[in-house]
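Visitor: What Swiss-Prot records for 2-181 is domain 'KARI N-terminal Rossmann', and it gives sequence analysis as the kind of evidence. Swiss-Prot lists TYR25, GLY26, SER27, GLN28, ARG48, SER52, ASP82, GLU83, VAL84, GLN85, GLY133 with the feature NADP(+) binding site. According to Swiss-Prot, the feature active site maps to HIS107. Annotation comment: Swiss-Prot describes 182-327 as domain 'KARI C-terminal knotted', evidence class sequence analysis. Feature annotation from Swiss-Prot assigns Mg(2+) 1 binding site to ASP190, GLU194; the stated evidence is sequence analysis. According to Swiss-Prot, the Mg(2+) 2 binding site annotation covers ASP190, GLU226, GLU230. Summarising the annotation, Swiss-Prot assigns substrate binding site to SER251 and lists sequence analysis as the type of evidence.
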Amino acid sequence: MAKVYYDNDVNKEYLKNKKIAVLGYGSQGHAHALNLKDSGYDVVIGVREGQSRTKAEEDGFQAYDVSEAVERADVTVVLMPDEVQQRVFNEEIVPHLKPQSALVFAHGFNVHFGAIKAPDDVDVFLVAPKGPGHLVRREYVKGSAVPALFAVDQDVTGDAKALALNYAHGIGATRAGVIETTFKEETETDLFGEQAVLCGGITKLIHYGFETLTEAGYQPELAYFEVLHEMKLIVDLMYEGGMEKMRHSISNTAEFGDYVSGARVITPEVKENMKQVLADIQSGTFSRQFIEDNNNGFESFKSMRSTQAGHPIEKVGADLRMMMPFINNN
């Protein structure tokens, strides 16, 4: 079973009198920075000139270029997109890191797959909230929290685990609980979930459902409602209480259909395909593909994005959502 840590497991002295540089002020960056600041820690922002820096300054932070922020820091938190981290790390972070300082990540991608190699004289750990930045911030302000994962990759000082837990406490996560893991486990499970289920799997399932109905002569609008719009209703029930609550809440007709038809659609062959997706993640095949495409200006990525945006379900959905102002209001 997973080991879970809470507030009373944290020594809150490890971040005391340390300056924390949060690099990036996007979804996770702003949430980590504000929560740490409200927890009483000394936080500066490292970000280039632009809207993000202006927003950070409006939120009460001193903001600097990345290199200057790192020079000032005892703890450097890398919260930039995966695809830019390697360049920024090599050019603007490494030359300015203090020995015996700490490097913090919210995702292990670049460290695990070797795109980033930390110096041998710094601690390296990750703290990964299991929710988007706005939720991390909102729950903290309410006195609640989003759970998180944490892992230590390099422990030079002997204090990396204690520091990671103190950091998790600073962003509020130990209120809910933080689970100990490894960079390998966090990275590979995160990528698998995105590719096989949460993003890749579900979007392809929806497309095939929409196409099956429209090719059989049903109106696209009804197809959209049945395979995409109502997905949220089902997912919300599972989110709140697992599949048991979902099945308790739907009709007997729907539940019976779940049992007799689900395995006809998602066959054992799908599980074998999932295993191959996982194998490509584990071997580094996916990471190499992603990094190579990024180095080529994301040519393939942009082409795939354009193709998917042109699927008929997007036009049908855009029109139908005009009938549902409550969606935008929420």
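Positions of Cβ are set from backbone N, Cα and C atoms, glycine also.
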Visitor: So how many of the residues in the domain 'KARI C-terminal knotted' (182-327) end up helix, strand or coil by DSSP?
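Guide: Across the domain 'KARI C-terminal knotted' (182-327), the residues distribute as 126 helix, 0 strand, 20 coil.
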Visitor: Which number gives the other C-beta atoms within 10 angstroms of the C-beta of GLU230 (Mg(2+) 2 binding site), all protein chains shown included?
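Guide: Taking all protein chains shown, GLU230 (Mg(2+) 2 binding site) has 11 Cβ neighbours within 10 Å.
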Visitor: How many Å lie between the Cα of GLY133 (NADP(+) binding site) and the Cα of the residue listed as 'substrate binding site'?
Guide: 35
Visitor: Where HIS107 (active site) and ARG48 (NADP(+) binding site) are concerned, what is their Cα separation in Å, rounded?
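Guide: That separation, Cα to Cα, works out to 21 Å.
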Visitor: Taking the Cα atoms as reference points, how far is SER27 (NADP(+) binding site) from ASP190 (Mg(2+) 1 binding site) in Å?
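Guide: Cα of SER27 (NADP(+) binding site) to Cα of ASP190 (Mg(2+) 1 binding site) measures 18 Å after rounding.
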Visitor: Please report the distance from the Cα of VAL84 (NADP(+) binding site) to the Cα of GLU194 (Mg(2+) 1 binding site), rounded to the nearest angstrom.
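Guide: Each residue's Cα considered, VAL84 (NADP(+) binding site) and GLU194 (Mg(2+) 1 binding site) end up 20 Å apart.
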Visitor: Would you mind reading off the Cα separation of GLU230 (Mg(2+) 2 binding site) from SER251 (substrate binding site), to the nearest angstrom?
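Guide: About 14 Å separate the Cα atoms of these two residues.
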Visitor: Output, ordered by sequence, the same-chain residues six or more apart from TYR25 (NADP(+) binding site) with a CB under 8 Å from its CB, or 'none'.
Guide: ALA33, ILE45, VAL47, SER52, ARG53, LYS55, ALA56, ALA63
Visitor: Between any two of TYR25, GLY26, SER27, GLN28, ARG48, SER52, ASP82, GLU83, VAL84, GLN85, GLY133, the residues recorded as binding NADP(+), what is the biggest Cα to Cα distance in Å?
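Guide: The NADP(+)-binding residues span at most 20 Å between Cα atoms.
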Visitor: In whole Å, how far does the CA atom of GLU226 (Mg(2+) 2 binding site) lie from that of ARG48 (NADP(+) binding site)?
Guide: 45
